[in-house]
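Colleague: Before we start, here is the structure in question, set down as structure tokens.
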Amino acid sequence: MTRTCLYCLHICWIWVLVLGSASRTHAAAPTITSPYSQATEAGLGLATRPVPLNPEARLRYGERLLEQAVAAQSAGKQAASHRIIASAQNELRHYDQALRHYRAARRLHQHLRLSHHATVDLAHVGHTLFIQGDTGQARRAYQAALQAFTTLRQPTAAAYVLGQLGLLYGRQQKWQQALASQQQALRTWQQNRDSAKVAATLNALGNLYYQQRQYSRALFHLRRAMQVARPTDSLALSESLNSVGQVYQDLSNDEQALTSFLRAEQLLPHAAPAGVRATLWQGIAAAHDSLGHWSAAQQALLSSLPIARLGGSKAQLSAIYQALAAVYRRTGNYRQALAAMTRFAGLKDSAFAEERSAQVAELRTRYETEKKEREIQLLIKDRQIQEANLRRQKVVRNALAAGAVLLLLMVAGLYRGRQQQVRVNRLLERKNAAINRQKEELGRLNQTKDTLFSVISHDLRSPLSSLYSLLSLLNMGALPPERLALHSARLTRGLNNTLLLLDNLLNWSAAQMKKDKIRPERVRLDVLAEEAVALLLGDAERKTILLLNQLPVPTLVRADVNMVRLVLRNLLGNAIKFTPEGGTVTLTAAAQGTMWAVSVHDTGIGIAAADQDKVFGKAGPFSTLGTAREKGTGLGLQLCQDFVERNGGQLSLASIVGQGTTFTFTLPALSLGPAAGEAESGPALTAVAAAESGTGSQFAP
């Protein structure tokens, strides 16, 4: 019994060191009550308060942390929480649950690419399988962890796993492998000058020799462990003294055994497991009993009872009551002996059932492990047979592969030819599509040409015929002066429209031939506006239209001066054309960031919504008669839009039928300075405007 509990204590203590190393490798952590939890949380910086020592309380604490980590979507905190829960489940002997949580922690650490932590989780899995009794899977987990730590160049972590492998081989009574693993770990700790780990490993070696009944070697290593251990490391000293006491007890040196047990109990930390402390008191009682100190033995056994109850082991309680009954019997206290034997009998069946269940579980685990190992061996043999078959099939496969390559080459050639044909077909389709687009464009241009010729033949013929008739009458001398003046005025208006028509036609043809050629320069827009207003003043007077120029002085833009002249003239001419007598045409400008927005607003008949997309001539020339039945070519607005866009602006319209229309175009603005059109037309134009109307910005009939 004593030997078994000490063995468990050694496993737990060594594993605490393993976990502590994991935390120190990655981050420093504040002191935590439980070393097991410290290793779990410190590695990820989660140690904010002490973790409960009691496994039930620690389980609740870990589950609460896990809920918070899931809510916060923190994979690192979830992994730490899984470790805390798994440690509690291990102590509660819920090994399947512990394995599930350790594996969950490992998956999260692998997802976070924390290779060290994932390997520590793998070592946890091996430890749980080990205490569960599945030594086969535990060994494979340890070996995988050892290989990973070696790859990561972490010799101390590898040394911890070697220590665990030594304990596992000791359980399997593979003494040579167990000793080799512990000695390899010992060399690592000695190179690192880590006295605590050296002492722990020497203690493990002493226990291995003790299990082999090599008592002198066991005492040698245990005494070395006590010499190396720091005086402040009470746990290591207590562990070594306990082991020394057991050796002396087996050697029937009860006085030395008692001395070792008493010192071990004094040095044992308060946080040590209850079962370990109860085991020490059992050893003390056994030594007193052997020396005939029955009163002291009785007192030691009575001291161990409440501690054993805390540990919860019925087998340990049963053994204590059995020993207590024997002491009572030796002292003649038969009544107490009977009571102790009654308790022993009551616990014996439970302890036997508990031990039997543990043995059955261990046997079942061992059977399953051996079964799996046999299956693995069978799989290995099957794989060897399959490899032999594969080698025999290699020649056939190579021949088939060569034939397949030839076939693939043929298919590739056919496929390449097909792809080439597809590319040629696509190229032909693109060429045909381009030809169709050119055909449609030519058709549209031919339609535009026919329309223009029709307009030219009609609009040029009428004024020229009128001029010819007037000249004929003048030559005949049969035209009175008053009728001559009337016909001259009418002919002048007709010729003016003809000149505007020819001007638009020439500009349109020039724009078509020189699509991208413009000469932008600094332009006084207000001067060009005065020029256009003066040019169209006569047309406005004939219809008694008020023509207002409200452009700021100066209004500087960067544009082609001839294109701007045409835009202003066409927009003002259209406004006069579609404004009835007594109406108003207003020319305004407003700054919009780096642009000037020029608007021509009239109080005319407006443009229907259905015709607003047609006025820019996208579907061909579009023209309607003015309010005085004036004619047009349908090219003016198309030219305006083209010229404005070439100069970096936009042309838009807003119209309400019966209320008027506003055309707005934008041009890039410039700062003050000499501008085109200013020197040649500015002063003269101002003088003309003043002479005709008495103002430089307003013209009225």
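Glycine is treated like the rest: Cβ placed from N, Cα and C.
Automated prediction, rather than curation, is the source of TrEMBL annotations.
Pasting the feature list from TrEMBL:
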{"type": "DOMAIN", "residues": "455-671", "note": "domain 'Histidine kinase'"}
{"type": "REPEAT", "residues": "199-232", "note": "repeat 'TPR'"}
{"type": "REPEAT", "residues": "238-271", "note": "repeat 'TPR'"}
{"type": "SIGNAL", "residues": "1-27", "note": "signal peptide"}
Colleague: I'd like the per-state residue tally for the repeat 'TPR' (238-271) from DSSP, helix first, then strand, then coil.
Modeller: 27 helix, 0 strand, 7 coil
Colleague: For the repeat 'TPR' (199-232), what does DSSP give as the number of helix, strand and coil residues?
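Modeller: Grouping H, G, I as helix and E, B as strand yields 27 helix, 0 strand, 7 coil.
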Colleague: Where does the mean pLDDT land for the repeat 'TPR' (238-271)?
Modeller: 82
